[in-house]
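S.K.: This structure is in structure tokens; I'll ask about it shortly.
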Amino acid sequence: MAETKEKSLSDEKPKPRVRPIVRLGIFLISHSFLVSIVCCTAGVLALFLLPVLAKNTYISENALMPGSASPMLSNQHVSDGNRLVKDLTNPNSKSSETGIESHKIIAQYMLDLGAEVSFHKFHPQMNQFHPLHFFSSPVSGKIQENYSCSSYGINTVGIIRAPRGDGKEAIVLVTPYNALKSGFGEALSLGIAYSVFSLLTQVTWLAKDIIWLVADSQYGEYAAVAAWLREYQTPKFSSLSTPNAEMCPDVNNLFELKGHSISGSKFSNSFRRAGTMAAALVLKVRDQNEQFEDTISIYAEASNGQMPNLDLINVVNYLAVHRQGLRVNVEKLWPLLNSSWLKSLGEIFESLAKVAKSLYPKWKFGIPATEYVEGTATLASSLYYQALGVPTGPHGAFRDYQVDAITLEISPKFSLDKVWRNDILLRGGRLIEGVIRSVNNLLEKFHQSFFLYLLTSPSKFVSVGVYMIAFALLIAPLPMVAASLYVDANSSSNCSKGDSSTPSAITDTDEHGIAIRSWRWLNSAKLVFIVHLWGAIVSLLPYFISQIPDCSPTTSFMIWVLLSILSLLTLNSVLASPLACAKATQEKEWALVKSVTISSVFIGLGLMSVINFATAEIGALLMVPMCLLARPLKLDVRAGTLRSFCRLICNLVLGHIAFPPAAFFLLKGMLDGFGNANVGDFWMWVESLWAWNSATYLFIGMVQLPCWVLCVSILFHTC
Amino acid sequence: MVLLQRPHILLLLIGTHQFLQCWIAFGSVNEEGQKQEEFSEELLLKPLPDHKLLAHFHFQSSGPPSTSNGCHHHLFPKAISQLVQKFRIKEMELSFTKGRWNYESWGGFDPLSSSNAKPPGVELWAVFDVPQHHIDASWKNLTHTLSGLFCASINFLESTATYSTPEWSFPPASGNVRYGTLPCEAVCTENLTPWLKLLPCRDKAGIALLLDRPSLYRGFYHSQQLHLTSTGSSSEGIDSGIILEQTLTVVLQPNSEMAIEVHASEKHIQPSWSLSSIFGKQVSGRCVLAKPSSVYLLLDRGLSAANGLTSENFWSNPSFELSANPDRIFLEESSSHSKSLSILYMFQVEKYCESEPFDIGLMWKVPVAWLCQQTPLHASRFLMGSGNERAAIAISLKSTQFTEGFMSANSKDGSCELRVDVFQVVPWYVKVYFHSLRVFVDQQPRAVSDIIEKIHVSPSKDKMSPGVMEVVLKLPCRVNTAALTIEFDKGFLRIDEYLPDANQGFDIPSAIISFPNFHASMVFLEDDSLNKSPLLSKFQEKCPVMSYTEVLLVPLTTPDFSMPYNVITITCTVFALYFGSLLNVLQRRVAEEERFLKAKAAKKTGRLPLLLSKLSAKLRGRRLEPLHSPPSSSSFINSKLVLKVILVAGLAVGWQYFFS
């Protein structure tokens, strides 16, 4: 830093030429205003260009060979599946209040096929906030000691051993099922899974074991799958609480009955395992059907924006579209579909592409405006769900154990009478069969295709190499602006000093002064550090607030805000006086604060982009303009020009938007409408974030909030 | 030849029974009489509870000490005898296996399963009769020889990182054992053909005729073994008799196509089968060189009990029907611990010929359900944990209800203990922390010293030797579940150490769980005729009950295998930068440069070019300026040039746009 400053000072004199790279750096720093404007606009533009730049997906792993074999699922299997659906929807089976009957039916069906069956009893585990357990493996889950006998779920697990396989790997098929209040959709999903399962007991090509997990979703789909996975991957051999649980009469009853009815079969009370999981599919059928054709929705986002291998999505997409004639869609942000500005942007891109194509016929990058709008909506939701860091379905539990998994949700077209039901059973079953067969072909685990990508449509994706550009452009001006601010702050004070003393004579005291001045940034760094410390305290507070019993979200939120302000004031008074600068040299104090703030934001965003890119991208969109524009309001008011007025307005607007709760409510309002916004919603949202161990929570607490506070303090700087 | 053998067998019949109990003794007796090479072929069929059928082919050739006839043999395969002589093998077993033995439904407590259930892939162990320091060299040569002989990649067992030296837990306990496995070896017909070549009749005659490749490999389990025992004095080596046992165990599904159409009520009936329906072939007479050539049908204890068969009524049983009349029926010698007895039906192939081929079939009349006798504890092994850094191996033992009563009968006094030996080899890249060994009995953590009676550990050396753990557990008889966990770190490998398909993961070979207190043997009555049959005499040997656990797949961190390219690129870039700057510094003369600059500054008078160059720099944007400004005189020309180029390009674009 000091070197560059010297260089910039000595630029005017004819001196031995400076290295080009240094020269470039100096140039960029001195023109940081222009650079930052250009880079930021380019970054935002690149983000909007992503749907245009998206590439078509392709199957990268040759071993998958989707659709190369003709489906073997016949009407026989479908009628088997139908039988199970009928038995499950039969009112008699629902009579018992615990839903054990339907579990027995499923287990009996599995046993009849010759599969190994076991029940897995689990106690739902509340997601709790463990401040130190972010990013740690899910092993840390502690079972509550005082659960009652009544609150348990039962997963039914059936395993087919591959007849000629070595049992090293397994494929998991999950169907969530709530025995107490199951809709028809859930029963249908079981029917599909059963028809596939009955086929797979007969086929000879199986190389991996098949596990069919009927997850008891009365305590949530995710909880059931996660509990089963926890038992599968990290079982506890010593359990003091298990004897208590075994005493519950109901469970024993269930196990005893099963043992009696089918002695000498492959039923066992113990937990059964197969090998390392190669992939997992979660199958759901939606109850209501508003679509015009049979569609299948793919949910892929797991915790902290992790995605399954793109090949898995590709296989499903390929088989669904080209073999089974199902329409595939991925999540979209629906409000964006109707926005006119996006449409006009798409039209601009389209016409630009047309011009480019007419100039040189090989330039074919344009896409139709409607497609662009759809792509943007999909991309936005892809970004949003990845940024949220909360898994979009039970498949998220698998990703915690490095297993590629997706959720498939089938929404059938018409009312589910007999013919349509058979049709959906057949097509859904064949799709699942095809996917399982592809994964079964796989010799290695999924590794060929992308793990870091954003989807713009089921068959189009933007890979990390492309979407990183937008982010890099956005944050590129930050270090330059920080450097230029630092140089400005130092040089201006230098100049003011230099006027008084004779420039030629450099005395010892002056050198000493320079040394002190060059270390002045430490003062601002202290302030920034204190604010970040405060951010850490604020993000720890919810843990303590959540301990307060019977607290409504709104009051919790209020307590949080109050405590935060209190802690800020305390820190302020104890450690420093960050907001009021006392010394006389403080003309440019705000510039130094801004410079250090920007550096810390740069570091924070850079780190976050490694952990969860989408969060970093959205955070950069909010924070970069705010950081770059921040300037004491007084200065702008004093200047009174149009430019400063614009800046004033921008600052005020950004200062409001970038405040995390404000941003949340704005987003929520845009998505759901402003009518039902509630203060407590933010608390609930935050609660869900930390319950899912989302890194976004840490980002908001430790990067965005301190940055906002610092920027506001700059805005209200007294100088 | 047959005639020649008669008197010798008569001689034997007169001899005592104890002498004949094992084959080795038989060989030693043989030395006194005429030295004859013998060959026997036998097939044992056994219905399994889960509607499957086990077929166990057993071929045995014995070569007497070869001093009499030099290195020539009549029946005995020369390749094997040379192998034994060259490497001084005392005992050796090689098995090729595909599929998993299902211990729960196919049993684990009979001689058939405890000696023929093998881990998937290749397993090889050998006992050498050479001095300690020669053993490794012999082993290496042996692996290469076997690799060539059986068209398999057994030569990968050559490196010290793949084989181990079990100290005492491995059944043929002796210091000269070497043990190695290749869990991911694919077994197919190319391994079977050389194996068949060792038989005197190959698969052209006799029971081996049944070995129809498609029906064999359609099976659920397929294990092909070669067991060598060299008898006689050890140190001389050359004049020792060799016994070669070749066994092939397959588990087949009789008429699996029809099983689909069978409706629910008939599902419980065992499928009927015949030799021709499961193998697609029939036996048309014996291999003329084979002395005993017989087919057995074994109904194990559970099945005969389920049928209500006892020693009285086994001739007239209602539940099934045999298509051919057995030549003999053997009953198992009643033992103390089980009431029911196994029944063995024997069919002699000699009686049949081309015109009247041998084809035994079994028709079930009523549904029968039974259980095979299982190992005292059912062992399963799995991986725990997630991530690429650490994990743990867990071996869980679960008592099988079947043997519970048996165990309590065995223990009259209160302090009853069940001894379990665990032998586990782990490759070096799975870095096991032996201190993290934990034992849980009935879900309670127990001190390791309470449960483990004896432990032998040889830690792995990187790229040198695998880790070996041999443990003797003393469990209480009433134990329900027991578990053993041990943690490990996943190692990093060099790029050339990864196997092909590294992204699949790496295998941890099966652990061997053996129960030395229990011996699986089947002693049949009417011993006098049994001494002819090597298979049945093998059944009578007391072999410890053993079971193999599953092979585990450990996903290790794999590099991006295009990485070498990236590394080369980045290294080249770094080198270029380094040498570039170094040369730059070396060839620069600072004083000269300053003088040049001064002269230039003195010369510079024109205001206009300076202004223009500044303007052009502004016009052209930010990045170009500093790079092009040092030669200040050329920048003006450059700006002109750029303007011209832009003009021409604009014209071209316009032209293209309006005229296309």
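The backbone N, Cα and C atoms fix where each Cβ goes, glycine too.
Please treat TrEMBL annotations as automatic predictions, because they have not gone through curation.
Here the structure is a predicted model, which means the values were calculated and not measured.
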S.K.: Under TrEMBL, the annotation transmembrane segment belongs to which of these stretches: A:177-194, A:267-284, A:591-608?
M.R.: A:591-608
S.K.: So which of A:527-545, A:614-633, A:695-716 has the most C-beta pairs under 8 Å when paired with the transmembrane segment (A:464-487)?
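M.R.: By Cβ pairs under 8 Å, A:614-633 leads among A:527-545, A:614-633, A:695-716.
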S.K.: Could you check whether the transmembrane segment (A:21-50) packs against the transmembrane segment (A:591-608) - three or more CB pairs closer than 8 Å, residues at least 6 apart in sequence?
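M.R.: With fewer than 3 qualifying Cβ pairs, these stretches do not touch.
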S.K.: Considering pairs 6 or more residues apart, do the transmembrane segment (A:591-608) and the transmembrane segment (A:557-579) have at least three CB pairs under 8 Å?
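M.R.: No, these stretches are not in contact.
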S.K.: Which of A:527-545, A:557-579, A:695-716 has the most Cβ pairs closer than 8 Å to the transmembrane segment (A:614-633)?
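M.R.: Answer, by Cβ pair count: A:695-716.
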S.K.: State the non-local partners of the transmembrane segment (A:557-579) in its own chain: residues 6+ outside its ends, Cβ under 8 Å from one of its Cβ atoms.
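M.R.: Residues packing against the transmembrane segment (A:557-579) from afar: 526-527, 530-531, 533-534, 537-538, 541-542, 545, 548, 551, 679-680, 682-683, 709, 713, 716.
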